[in-house]
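Chemist: Below, the features straight out of TrEMBL:
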BINDING   13-20, 90-94, 152-155  GTP binding site
BINDING   SER20  Mg(2+) binding site
DOMAIN    4-227  domain 'Tr-type G'
Amino acid sequence: MPEKPHLNLVVIGHIDHGKSTLTGSLLYRLGVIDPKIMQQLEEQAKAAGKESFKFAWLLDKMKEERERGITIDLSFMKFETKKYYFTIIDAPGHRDFVKNMITGASQADAALLVISSRKGEFEAGMSAEGQTREHALLAKTLGIEQLIVVVNKMDAPDVNYSQQRYEEIVNTMKKFLKGLGYNVDAIPFVPVSAWTGENLIERSPNMPWYKGPTLVEALDNLKVPPKPVDKPLRLPVQSVLSIPGAGTVVTGRVETGVLKPGDKVIVMPEGVVADVKSIQMHYQDLQQAEPGDNVGVALRGVEKNQVKRGDVIGKTDNPPTVAEEFTARVVVVWHPSAIAVGYTPVIHVHTASVACRITEIVAKLDPRTGNPIEQNPQFIKAGDTAIVKFKPIKPLVIEKFGEFPQLGRFAMRDMGRTIGIGIVTDIKPAKIEVKK
Ligand SMILES: Nc1nc2c(ncn2[C@@H]2O[C@H](COP(=O)(O)OP(=O)(O)OP(=O)(O)O)[C@@H](O)[C@H]2O)c(=O)[nH]1
């Protein structure tokens with residue numbers, strides 16, 4: 001039997017809307033979590049007087065263990081439905097999910113947007129600083145086209161499974177998501193209780209008015225994005241090793257195109273040309289590596305110190321682009337004051353992180369329509385969307401989002417936090433000398 005396709009999910013939404021509870025509850029009900037472990041956690045949560053947090057507790061435990069360097073959690077974050085295997089990348093509660101969404105080992109194929117239906121909670125998420133707003137905007141900017149909206153806490157006393165409240169939320173959300181450019185007719189809005197499990201796997205008798213899919217059915221209705229095998233090769237380098245017998249081995253994930261033993265490749269921005277001796281994945285030799293494959297590539301003609309993390313491998317007839325300067329559409333998500341020309345955040349893009357200086361703020365945009373509202377503003381601040389030019393202070397491979405989305409979206413970081421995100425719209429290429 002052919003293997004089920006694999007999809008990556010992110011869980012997003014406003015604080016306390018139930019992301020952890022939903023994730024924990026879904027994993028538990030799908031049988032991923034051992035009932036004995038769940039019972040222990042339940043007792044711990046009860047003893048701490050926080051029974052309603054038992055599922056969230058489960059995620060906290062996983063997170064703690066991860067922080068202590070125990071590597072058990074990842075397998076817990078996988079589950080399967082009739083059609084697919086899913087991995088939840090970046091568990092909820094992470095402070096810096098934005099950066100992780102961009103530079104993490106995997107790209108999200110779909111997002112679950114969790115919204116609380118409780119009085120005041122839904123409204124808080126949709127307020128100017130609300131994360132329902134912010135996360136939906138980020139997901140769209142990052143090119144996550146598939147969305148499932150989970151209308152949570154339908155069991156709460158003030159909601160009491162009200163169809164009217166559900167419809168009120170759906171109408172508001174449809175207007176908002178349409179404004180961001182989402183095709184709202186393709187988005188399921190599933191009313192659930194993460195807590196009781198209603199409409200997650202089994203239909204809720206308390207919401208007979210709801211005729212749409214359950215959450216698991218909505219997951220099965222997602223589409224597998226096509227593999228970009230026809231595009232030119234791009235393989236960002238994660239690490240470089242020197243292995244006796246094999247020589248220089250680079251590891252990384254193929255983002256686009258295919259790679260075969262015998263191919264002639266070029267490492268940018270180094271400008272070094274090499275031959276592919278062999279390719280391995282999970283200790284097995286591969287005759288062809290494709291998008292999504294995490295591989296080790298043994299290279300002939302290059303020394304370990306000539307390649308580093310953040311470089312990108314391509315074919316010699318279509319080398320990765322090194323930017324002298326690039327233009328991007330950015331969204332500022334957080335900054336204590338204002339951003340002006342001269343500001344130099346660290347840009348995290350694929351596996352690279354390079355400081356880039358803002359050389360021009362071309363225009364401020366209306367975030368809803370994308371139309372310019374101010375040319376050459378003096379500064380931009382949190383909440384603003386703008387067209388900005390950057391000059392990398394060191395050679396950097398970056399691509400236009402329209403051509404290579406995986407290498408054309410980035411996070412801007414400063415002071416240990418994500419300041420904003422962006423997508424590259426234009427590039428002025430640098431001249432690189434090729435070393436044979
Ligand atoms: N009644 C009810 N309460 C819920 C439901 N889901 C979550 N809650 C409660 O909402 C509160 C917040 O839930 P969490 O799962 O911690 O929310 P979160 O979105 O993960 O929160 P952060 O990670 O802090 O952003 C807890 O008290 C939960 O018990 C639900 O379906 N029904």
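In case you wondered, yes, glycine gets a Cβ from its N, Cα and C as well.
Buried or exposed, and what's around them? Tell me for each listed feature.
Modeler: If you draw a 10 Å sphere around the CB of MET154 (GTP binding site), it holds 28 other CB atoms from the protein chains shown.
A 10 Å cutoff on Cβ-Cβ distances gives SER20 (Mg(2+) binding site) a total of 24 other Cβ atoms nearby, all chains included.
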Chemist: What's the CA-CA gap between MET154 (GTP binding site) and SER20 (Mg(2+) binding site) in angstrom, rounded?
Modeler: 16
Chemist: Note down the number of other Cβ atoms within 10 Å of the Cβ of ASP16 (GTP binding site), including every protein chain shown.
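Modeler: ASP16 (GTP binding site) is surrounded by 16 other Cβ atoms within 10 Å.
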Chemist: Within 10 angstroms of the C-beta of GLY13 (GTP binding site), what count of other C-beta atoms is obtained when all protein chains are considered?
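Modeler: GLY13 (GTP binding site) is surrounded by 25 other Cβ atoms within 10 Å.
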Chemist: Do me a favour and check the Cα-Cα span between GLY13 (GTP binding site) and SER20 (Mg(2+) binding site); whole Å is fine.
Modeler: 10
